[in-house]
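Asker: Structure incoming, see below.
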Amino acid sequence: MLLALLKAYSPTGREKNAERVLIEVARGLGLEAHSDGVGNVIASKGDGCVMLLGHYDTVPGKLRVSVRKGTVSGRGAVDAKGPLAAMLVAASLSERPVRVAAVVGEEGDSRGVRELLKGGLPPYVIVGEPTNTVGVAIEYRGGAKLILRCRASGGHSSSPGDSAIEKLISCLERIQGSLKGIEGVSSRVTVMRGGEYENVLPRRAECILDLRFSVGHSLQEILERIEIEDGCDIILKGSVDPVSVRPTDPVPRALTRAIITSGAKPILLRKLGSSDMNHISNYVRSCAAYGPGDSSLAHTDRERIQLKDLEFSVAVYKKAIEILSDSFSSIEATHSNF
């Protein structure tokens with residue numbers, strides 16, 4: 001099943017082929033499955049109070065799909081088709097009603113989860129992300145994509161004219177200096193463009209900055225600290241706030257209990273990146289992220305996941321669904337007595 005998902009290459013914005021495969025896989029497991037207008041695939045066994053939320057888009061870059069000595073390799077094995085496959089199997093085995101939402105666009109503009117929110121979510125959501133199999137993620141940093149654009153007069157490369165690329169580099173150094181020493185804040189260049197010809201000073205240059213900030217910081221506060229060069233502009237492409245939940249909330253508690261029941265010691269994680277958990281936290285009663293896989297392999301050319309970790313996480317998901325469903329039923333029964 002996971003091999004079929006991995007072979008269906010699905011970088012963000014090009015998920016259609018994998019959408020069809022995912023629906024076939026879900027139906028093959030006995031789940032009802034359909035897709036919505038943007039390509040999200042919803043697989044369900046009844047309705048219930050629990051949703052397993054994963055994503056099936058990946059970063060670009062095809063990798064060879066293989067199975068060797070208990071290890072599955074391929075783009076998305078870790079982030080996040082491996083966790084998604086485990087969620088689908090857990091849902092098929094569950095004796096409680098549950099929904100699995102496999103969304104698109106998580107690695108991009110988050111259009112999938114934003115579309116999902118329009119229809120509402122159940123009280124409890126487990127987000128499927130790699131947490132090293134025994135980790136429960138209770139915090140993610142916020143993020144923003146910034147476009148930094150610089151302009152210059154240009155000219156012949158042998159002249160003393162202005163270079164937009166040199167201005168851009170100087171501006172980046174100033175930005176790094178502005179943010180230096182602020183705990184929980186980082187800024188990395190992910191894309192850079194500039195230059196027209198090898199002996200022409202460029203008149204335009206731009207880059208994309210991936211800004212991350214932890215709970216306790218706001219995007220506005222950080223932007224106010226940033227200093228840039230004359231002739232340069234910063235454009236906000238998109239952003240998401242940080243999220244933090246209490247370990248004693250229902251979903252983190254259910255996941256930690258499920259990990260213990262499955263024979264391991266749980267670890268609470270505060271992640272440096274962002275996920276769809278950032279988008280949903282204000283719309284549900286409780287949420288947390290959990291999944292198989294070594295998160296340090298995500299977005300690399302070494303993506304691989306252990307079959308034993310997939311099997312372990314299936315048990316954890318299944319037990320967490322049971323714990324949350326039974327506790328919700330008890331709460332509802334108590335309320336109905338008043």
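In case you wondered, yes, glycine gets a Cβ from its N, Cα and C as well.
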Asker: Name the residue, out of Glu115, Glu129, Glu139, that TrEMBL lists for the same Zn(2+) 1 site as His55, Asp79, please.
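Answerer: It is Glu129, as the record lists it for that site.
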Asker: Among Glu24, Glu32, Glu107, which residue does TrEMBL annotate as binding Zn(2+) 2 together with Asp79, His299?
Answerer: Glu107
Asker: Helix, strand or coil: which one is His55 (Zn(2+) 1 binding site) in, per DSSP?
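Answerer: Going by the DSSP assignment, His55 (Zn(2+) 1 binding site) falls within a strand, counted as strand.
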Asker: Using a 10 Å cut-off, grab the number of neighbouring Cβ atoms around the Cβ of Asp57 (active site), all chains included.
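Answerer: Within a 10 Å radius of the Cβ of Asp57 (active site) lie 26 other Cβ atoms.
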Asker: Take the Cβ of His55 (Zn(2+) 1 binding site) and count every other Cβ within 10 Å, whichever protein chain it belongs to.
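Answerer: Around the Cβ of His55 (Zn(2+) 1 binding site), 30 other Cβ atoms lie within 10 Å.
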Asker: Over the domain 'Peptidase M20 dimerisation' (140-227), what does the predicted model average in pLDDT?
Answerer: 94
Asker: Take the mean position of the Cβ atoms of Asp79, Glu107, His299, the recorded Zn(2+) 2 site. Which other residues of that chain put their Cβ within 8 Å of it?
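Answerer: These residues sit around the Zn(2+) 2 site: Thr58, Val59, Gly76, Ala80, Ala298.
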Asker: Quick one: which residues besides His55, Asp79, Glu129 have a Cβ within 8 Å of the Zn(2+) 1 site's Cβ centroid, in sequence order?
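Answerer: Result: Gly54, Ala80, Pro83, Leu84, Glu106, Glu107, Gly128, Pro130, Ser275, Gly291, Ala298.
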Asker: For His299 (Zn(2+) 2 binding site), which residues of its chain lie six or more apart in sequence with Cβ-Cβ distance below 8 Å?
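Answerer: Sequence-distant Cβ neighbours: Val59, Asp79.
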